[in-house]
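Q: This is the structure, below, for whatever I ask next.
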Amino acid sequence: MSSSSEISVAGSDVSFEGRLTQHGRHEETPADQLTKILSGRSHEDADGDDAHSDNRSILSRSRRSSTAELSPEMVGRVQSLADVLSRHTSRSGGNIDLSQLSESDRFDAERIIGSFVRDADEQGIHLRKAGVTLEHVSARGADSTAMEGATFGNVLCLPYTIYKAIRDKSGSKMRTILNDVSGLARAGEMVLVLGRPGAGCSSMLKVTAGEIDQFAGGVEGEIMYDGIPQKEMMKRYKPDVIYNGEQDVHFPHLTVQQTLDFAIACKTPSKRVNDVSREEYIASTRDLHATIFGLRHTYHTKVGNDFVRGVSGGERKRVSIAEALVTKGSIYCWDNATRGLDASTALEYAKAIRITTNLLGSTAFVTIYQASENIYETFDKVTVLYTGRQIYFGPIDEAKDYFYRMGYECPPRQVTAEFLTALTDVNGYHKIRPGYENKVPRTAEEFERYWQESPEYRQLLIDIDQYKKEIDTEKTKEIYDQSMQQEKSKHARKKSYYTVSFWEQIRLCTKRGFQRIYGDKAYTVITICSAIIQSLVSGSLYYNTPSSTSGAFSRGGVLYFCLLYYSLMGLANLSFEHRPILQKHKIYSLYHPAAEALGSTIANFPFRMIGMTCFLIIIYFLSGLNRTASSFFRVYLFLTMCSESINALFELIAAGCDNISQANSISGIVMMSISLYSTYMIQLPSMRPWFKWISYILPIRYAFESMLLAEFHGRHMGCGGTLVPSGPGYENIASENQVCAFVGSKPGQSWVLGDDYLRLQFEYEYKHEWRNFGIMWCFLLGYIALKALITEIKRPVKGGGDALIFKKGTRKYHMKLDEEDGELHEIDTKEKFSSRSGSSTTSEDEIFEELESKGIFIWRNVCYTIPYDGGMRQLLDNVSGFCKPGTLTALMGESGAGKTTLLNTLAQRNVGIITGDMLVNGKPIDISFERRTGYVQQQDIHISELTVRESLQFSARMRRAQNVPEEEKMEHVERIIKVLDMEEYADALVGDVGRGLNVEQRKKLSIGVELVAKPDLLLFLDEPTSGLDSQSSWAIVQLLKKLAKAGQSILCTIHQPSATLFEEFDRLLLLKKGGQTVYFGDIGDNSKTLLSYFERNGARKCSPSENPAEYILEAIGAGATASVTEDWHQIWKNSDEFISTEKEVDHLIDQLSNQKTESEFGDAPTKYATSYAYQFKWVLIRTSMSLWRNLDYIMSKMMLMTVGGLYIGFTFYDPGDSYTGLQNTLFAAFISIILSAPAMNQIQARAIAARELFEVRESKSNMFHWSLLLITQYLSEIPYHFLFSAIFFVSSYFPLRTHFQASASAVYYLNYSIMFQLYYIGFGLCVLYMAPNLQSANVILGLCLSFLIAFCGVVQPVSLMPGFWTFMWKTSPYTYFVQNMVGILLHNKPVICRKKELSIFDPPAGQTCQEFTQAFLDKRGGYIANPNATTACEYCIYEVGDDYLKHISASYSYLWRNFGLYWAYIGFNICAMVAIYYIFHVRGVSFKFDRVFKLFSRITRRGKKSN
């Protein structure tokens, strides 16, 4: 019985795959053999040199062959499987079911090679293909190569900044990214695009693929696809041109199968070969591509990303490749698609692309930074770019001769691609033929001039003209049109180039939305649980609200709170992390972005409804609202409509903004509008005319009206204790002498009709209810439609490629613009070419002084096991080895072999069951181990606002001992900058990808951050050359070699080393899948020791021209589809080398265990290199500097506070002295408090990036104490909040026109602009450090804020709270902030009631109003507006503002008591923040959400079975 299994660890490349027999060996299936043969591989290759060479020659010949010209050798390779395909094909109607093939089956070779193309041709199904011509193509972008980064200082000097911006914009210049590029790729050809990072390779691919929106200066020249102009191609046939970017962006919580199935489903043609069903087509296409790229074992594993555990980095890259291929483009542009792949898998990728071009006639442009000779030989043509200029285009076998005639000679054992790329490196090694020293071109301009004057260039232009004459453009269009119509769904629009209809796209996106929700359970569970908890608490707060007039305000408060809670929850929808994925799928033409916008809305709706239903049922019946079915379902209906409308509104805002800071600012203003203009806080009659219109454009106003109408229509509210006058002495008076002191009352009537109350207080009419329903539908559909429209038309921000942004005052121009034509010309390139490579020799020697380490790191029988699928899975299997000072050890293996897992385990970064010994000098590692070792991760994660130099200086200060002089640390940093050749951009900000350092520069910074720490034990490097070109990789390895020679111990994983690069290493640790050792020992001169071991143990002989690194990976069966019969792990266990290694490990342990060692860190090991105070100083400086330069964040915060202050001030402008004015003053203070919600969202969005950096990299190196991350985040926010809250104070306080005395104003400022800011900064961070991610933090924050708001005494007076909950009123800090702010505003303020606020009644005959009510007034307060009248007495409930304060349980006398309580709350927030982070992130306590989804999982499984 066969089984397949897999496991992956976040950030690692560990996986298990394969089909296991009862003896544990890999059983090769015909599917494996088929895929291997199609990729040009065979297990017969192991028989010797001839087979290997023959295999390569077959591939080389097939490179230029058509489908009908496949060689007999290729056919012979598959002849042994002769019968099975016919059986399986006949069963499935021509569709090959790879999952059902078994090894004993045989199939017909001709059918498998020609089945798809031949059957399609026989059935009249057209397959599209087209060549590409580029003529004199140039691309220009904004000249941002040396920009200065803006800071908050620019805001402080705003007038000058505005003037400078206008000046720069008027005189803005463009820079040339691509200059006069030409090329020709016929259908079925592969073109390799070579160049260093920044040379324009990615830009050329984007231009070729029609992705030209980002080029601000536009694209010139002619690009045609078999004669079809690019503009027409993009309009009519966009799906056929695919650009696959370098970054692997996927929905991290989807599994591999879900990811591939979705892409295939979006591209499933309507007319399919042999009329197979849609489900069969999806399954077979997925299985085929997953088999080719070795992904079948990962079907049920999440794709993951840098922060979500999933498949390994190499497997994620393969998912990206497979996803692009299933989109069925005819022209592909692959941007560095082999990044992160091991050498064997990279070669298999190239061969797979070769097969698709041969059999399907597709055209491929590919950039590869480190291409082996085998990969190079799979291509037809190659072009070389040098800083945007083309210096060669032609056949691959003529490129080397072209540059040889130019005067350059390829050094021995240097692969062709490396030779070609090296020519464009001014610092690289160039072997010049004798006599050509002064003739060869050296600068980009000279190379370009030589190329354009060459016969090869003239022949290229002739070939392009000839090709354009040969092709029949109209016939190509006809075939394209017919093919697309065959593929297109019958319900799709006629002019649409999408395969499936818009409604099918929505269905697929909805299904994917459900899968994403199920994959990311934490957020959904937190949302539903928050709703249930909040409803229980709030429902009990309003428990059995009185049905009399005393409960009317509370009933409105319950309904308002329901609306406000779900409005706050809408802020959690401001997500930007998925935007790159939507952009990629738009490029692939999988679906309309609008379909995703609608699909995600539909998918989220049921889960929101679950939470909302639970929420409303609980709060509705606990609070004692109208218990009739009609009222309940009307409230339910309008709450649902409003919630969905507000969610759609916030999603609309996110869709229209470029970043989350902008979205948070705008959403904060919208949130204030929702809170203010619902008509609960300020009613329509009291609204100022300049803002009244806002209430009419928000759905909450109509929802609130209809919900109030459902509650109060027809309700008779008894007066209860609100009769005036009443009490002692008024027991026996007639009813006509009393009145309800409530809006809507009538003289002599002891109750108030709910409809009268709503009409007078709110101007609400029952006839509006269903009108409002129609209006809300318009809002909901309008917001959704606008969101879909903006999502559809939103384009990426225009720019000019990678742009360096320098720290203000330090920028350096390395390029100059020609004033006349704007072209770029490099300065002093010749001088740099000839002299610069030797200028850093001295500094390189200086860096290695006193570097020698005496520590030997040993690991013995290391095993690593983790829980998996209800059991345990072993990822490392008794791995042993050692690293000695002065040695450079390579750690190799295919993707999923356990390289990163081993590094993480040895570096003490894994959590799980770890057994075995890890020793330093024979002794167990101590607490200083992490900081005494360096670890360069695969992910290049840095603080974007710091410069390169500042990042290195911070690492040096934190990682080196405090007793090392500051000058020495900084000198060492400067040496590292020189050695890594980072001087030109040392003062450049790290920035983000595309606007900051490029991939190469980021990788160098990652290495530099560890080198400046001067680790005295060991340096771990995980793929340090990934994403770099061959020259940069060589420079990095040479640096490591020098470090090793100086005494450093280095263990380094490496994926695609060239032969020369590989032989720079001293020792090799080779792993196979399962974390099993295959070899550990010396490599030897020219790899002789290593090759001898493999050849002696059954591997074929390695030819002299082969790359040993590729040879050994092939020998052990590495690769996505490869397999071998030998068990190389068992061979290693039985070898003499293994016995020798074990003996040496034991000898080292015995020898070193009794020796005493010394280090820079002193005798007593410590976890951190520096003191807490020293760490605090520099972490605070770094955090403050980062915030100072984050202008988007600061401006968003300033806009929120400034606009918010003006908004509140002029909404409640001069509220007056009436009773309504008192309420509006209370709400003005209350809404000022609510403004903290979006402000805290802003804080959390920024702080999460610092948390992720610390947890992924800095904490693992014990760089500084974890508490400093929290404290410095808190402290760095304070100055900006103080400043912006001062602006808020001025713009909101004085328009209220209450107290202008300096004393009152100053105390108000102290309460809000100082104390409240200190409070909510800490509160927002406290919630963030509790949550697993930002979205969950937003939900938890909304829950907590709703608690604080509900219990502060505004929406529910404390007098009406159940006795149990009065402690929460006393506990809520918002209670005391509101008390003080309202107390200052209303203290000693006289009250003059308006006419409608007066309670009118008649006194008994013969008495004046004053005489009749005197006893009542003495006890209850208030005043009679007409004391001497004998009829129509006018009673006002309050005489001064302090009476109102007493009613809401506040008092001016509480002022300084509350001030003391503020400090207690602020201190509690800080302590809670530290404690929560310790519990959830240091101790690692986490919650499991799977059980909550158990029922949903069962339903899903049943659904699958039924299908």
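Please read every residue number as a count from 1 along the shown chain.
In case you wondered, yes, glycine gets a Cβ from its N, Cα and C as well.
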Q: What residue among ASN55, ASN573 has an entry for N-linked glycosylation site in Swiss-Prot?
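A: Residue annotated N-linked glycosylation site in Swiss-Prot: ASN55.
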Q: According to Swiss-Prot, which stretch among 522-542, 690-710 corresponds to the feature transmembrane segment?
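A: Checked against Swiss-Prot: transmembrane segment maps to 522-542.
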Q: What same-chain residues lie close to the transmembrane segment (1339-1359): Cβ under 8 Å, and 6 or more beyond its ends?
A: 523, 526-527, 530, 533-534, 537-538, 541-542, 553-554, 557, 560-561, 564-565, 568-569, 571-572, 1226-1227, 1230, 1233-1234, 1236-1237, 1240-1241, 1244, 1323-1324, 1327, 1330-1331, 1365-1366, 1368-1369, 1371-1375, 1377-1379, 1447-1450
Q: Determine the minimum-neighbour residue: among GLY893, GLY896, GLY898, listed as binding-site residues, which Cβ has the fewest other Cβ atoms within 10 angstroms?
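A: So among GLY893, GLY896, GLY898, the binding-site residues given, the one with the fewest Cβ atoms within 10 Å is GLY893.
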Q: At least three Cβ pairs under 8 Å linking the transmembrane segment (1193-1213) and the transmembrane segment (665-685), pairs spaced 6 or more in sequence?
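A: Stretch pair touches.
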Q: For the transmembrane segment (1270-1290), which stretch among 556-576, 605-625, 665-685, 773-793, 1459-1479 has the most Cβ pairs under 8 A?
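A: Checked against 556-576, 605-625, 665-685, 773-793, 1459-1479; highest Cβ contact count belongs to 1459-1479.
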Q: Using a Cβ cut-off under 8 Å, which residues of the same chain at least 6 positions beyond either end of the transmembrane segment (1459-1479) come close to it?
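A: For the transmembrane segment (1459-1479), the far contacts come to 1266-1267, 1269-1271, 1274, 1310-1311, 1315-1316, 1318-1319, 1322-1323, 1325-1326, 1329-1330, 1373, 1376-1377, 1380, 1485.
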Q: State, in range form, which of 556-576, 605-625, 635-655 has the highest count of Cβ pairs under 8 Å to the transmembrane segment (522-542).
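A: By the under-8 Å Cβ criterion, the transmembrane segment (522-542) pairs most with 605-625.
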Q: Between the transmembrane segment (556-576) and the transmembrane segment (635-655), are there three or more C-beta pairs closer than 8 Å, counting only pairs 6 or more apart along the chain?
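A: These two stretches do touch.
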Q: Sort out the residues at least 6 away from either end of the transmembrane segment (605-625), same chain, that have Cβ-Cβ distances under 8 Å to it, and list them.
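A: Distal contacts: 517, 524, 527-528, 530-532, 534-536, 538-545, 547, 554-555, 558-559, 561-562, 565-566, 631-632, 635-636, 639-640, 643-644, 647, 711.
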Q: DSSP on THR900 (ATP binding site), three-state: which is it?
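A: SS state of THR900 (ATP binding site) = helix.
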Q: So for GLU894 (ATP binding site), how many other CB atoms are inside 10 Å of its CB?
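A: The Cβ of GLU894 (ATP binding site) has 26 Cβ neighbours within 10 Å.
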Q: Let's check the environment of ALA897 (ATP binding site): how many other CB atoms sit within 10 Å of its CB?
A: 30
Q: For GLY893 (ATP binding site), what is the secondary structure by DSSP, using just helix, strand and coil?
A: coil
Q: Over all shown protein chains, what is the count of other CB atoms within 10 A of the CB belonging to SER895 (ATP binding site)?
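A: I count 29 other Cβ atoms within 10 Å of it.
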Q: Hey, what's the Cβ neighbour count for LYS899 (ATP binding site) at 10 Å?
A: 29
